[in-house]
């Protein structure tokens, strides 16, 4: 039956032990089955189980507290595994919410019985604050460690500090009394590799030796990083934000937030950043923080046994990750709210705020940058912006939108090509090639040789009397009418023009290498490379406007506010605006991005230019495609993900989408009291559905409830082991009262307690626009379609995605379907090519419908990016 409604081939096919045990990372990468994932709404009432009725449809909430049968009503003796989720499955938000209310009600009813119960109640109430506190502490400590190690290993490519091997270049020369103002980065304690190996500090031989050692260390770091990822934790590659968005929407990916992933990602992130690749550590820090939140949540039963509650912790952890990545606690909270979270109640907002606060406090205490601030490139500008400058700011926004659209299309096209060619089968070789090209091209240019964060810092910095950068090599005007605190606008010198030429080359280099770097098998962030590209473009534009104002101060656009000898234009401000615009063009973030940037730089006065540039970049980028880079990679990787930002405007009905279709086999259903154990096992054996509607009888077709395949399998297996008299011919009863049976009949098996008595249903005339909203806001996995109470069919998340994709194809015929990149697996074999284990008395073999179905199975790509 093509309805395969309940989503996925390959699920529930192992024994109970294999169901409950976690798979290895390699097995997860080759996992099978299509999992329908979903999104939720901030509206708590929707999750709390309100019944909604409309003119054209009816909807029943299985999570209603007042229903006669609870959604997770277990057997007389609770069976381990019933009500839990398998790997690559989507959680049932309504059921998890109902479980949490039951737990809370039970604790409140007992807290007055004794002091111990009162203590347990208090512990339960404070466990949420404890887990986010631990998450914030761990995130801040790991971020500080990563920052210090990355700075030291980055400088290790150029030389070493003989007085203290653990000092980076800047720290090595702090205590030296032999540095000069012009050469403040040179001191006797710091030795370049040329000085150590050949004894020369200057000359061609020294340059070549430093060049060779730079490439050697870059390749060594890159090779070590990709090797650790490939061998120990394949999930440690990329930034993880697309996967975290999917997980927070209710998807289960076991091992993705585990301890091995945390350990390997922390180590390899340092190596990847130190290798000089065009990537950043800020995105992966969100993944690191979520790993901490996931691990600490297992210390508290309130979160370890409830997947929905655990996702509240992960939302707070995401905020902590951005807080330590950028030194932006408020921006981290807004990032979690705007970009990654889909269920964000008010208490999660408070806990996210507290987690970001704790993480920022720990990072500030560690002081990894040695400047008593949370971030490396904190700047202060002394000149206000003027109304005319909005025009170049908007131009930078246009550039950011164009860059974002180009990057998304180019990077997705390259990643898709990687997976369709043999080149993608050699991830280590790819990383080595990209690292080698990056190191060879980057070394001659001082701006590409710099660590990307250091480059952004230099581009953001305003030229003052103590700046020795070539970007500040202006000619002094002796005819200036007055001396002011701020250095006035001056004509550019040779150093400035040389720096502009080098920045143009650096811009081209960063654009090209960033496209090819994302997708390789090392931890890689998107924020810093995008900001660097925007900062370079912004600094160039800022210098051009500055010189224009100097040489043509009598123009009407300048003469009203820019006097001769005054400091009118701040090129560093343009770099900051350009950085925000380019990052906004790639991610399509708005509010959180503006807050992050002004927290990052301290530029509170410049919120309006930032807002103008970010909104312009979003509008320009949306003109070429509404997907940001995270949504594009979710789509590329084949994650079944309903994006809340997409609008559904098609006039179709539930009957047009439901399965089975007109020429399909009939819907697979169970009857409430006239099927045997063998009948149910045969149905499980012959189909791959994830659950079955239960009807009164074949004649009436009236809906009784819904039974999950997993719960049926576990319940039957447990009954065979624990209950005497349960055989293949035993009658299975889902009804409240067991029907009368002949005396010689075997003992019946009562399974009413695993039955969802109130599944969500809609009528066949319900508009699909409403059905899509129901799936998004309630986080449904499936919805039954009825007509006058008679079951007609079922709509699953996969059916929904396929329908949306078909509608898109009419608009954009060149867009690949969401399942385009999914790997196909034989239903009877696992990812290792070996036959799947048998269930007790049930061997699951592929049915005719399964063999025809070619759009099942999701491949969690080993080349996950970002």
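Here the Cβ of each residue, glycine as well, is placed from N, Cα and C on the backbone.
Check TrEMBL against the ranges 101-125, 126-150, 151-175 and you find transmembrane segment recorded for 126-150.
Your range for transmembrane segment, going by TrEMBL and the list 284-301, 338-355, 356-373, 410-427, is 284-301. Checked against TrEMBL, the range among 455-476, 477-498, 499-520, 609-630 recorded as transmembrane segment is 499-520.
Per-residue pLDDT, averaged across the domain 'CBS' (658-722), gives 86.
Below 8 A, the CB atoms of the transmembrane segment (313-337) and the transmembrane segment (126-150) form 3+ pairs separated by six or more positions in the chain. Under 8 Å from some Cβ of the transmembrane segment (532-553) lie the Cβ atoms of residues 389, 392, 395-396, 399-400, 403, 447, 452, 455-456, 459-460, 471, 489-492, 496, 500, 503-504, 506-507, 510-511, 514, 559, 562-564, 568-583, all in the same chain and six or more residues away from its ends. Same-chain residues lying 6+ beyond the ends of the transmembrane segment (126-150) with a Cβ under 8 Å from its Cβ atoms: 266, 269-270, 273-274, 281, 285, 288-289, 292-293, 296-297, 299-300, 302-303, 312-313, 316-317, 320-321, 323-325, 347, 351-352, 354-363, 365-366, 368-369. Simply put, out of 256-277, 284-301, 386-408, 428-447, 499-520, 386-408 has the most Cβ pairs sitting under 8 Å from the transmembrane segment (573-598). The stretch from 256-277, 284-301, 499-520 that makes the most Cβ contacts under 8 Å with the transmembrane segment (214-236) is 256-277. According to DSSP, the domain 'CBS' (658-722) comprises 24 helix, 17 strand, 24 coil.
Sequence-distant contacts of the transmembrane segment (499-520), counting only residues of its own chain at least 6 positions beyond either end whose CB sits under 8 Å from a CB of the stretch, comprise 226, 237-238, 277-279, 403, 407, 410-411, 414-415, 418, 427, 430-431, 434, 437-438, 441-442, 445-448, 455, 469-471, 473, 526, 529-530, 532-533, 536-537, 539-540, 543, 863, 865-866.
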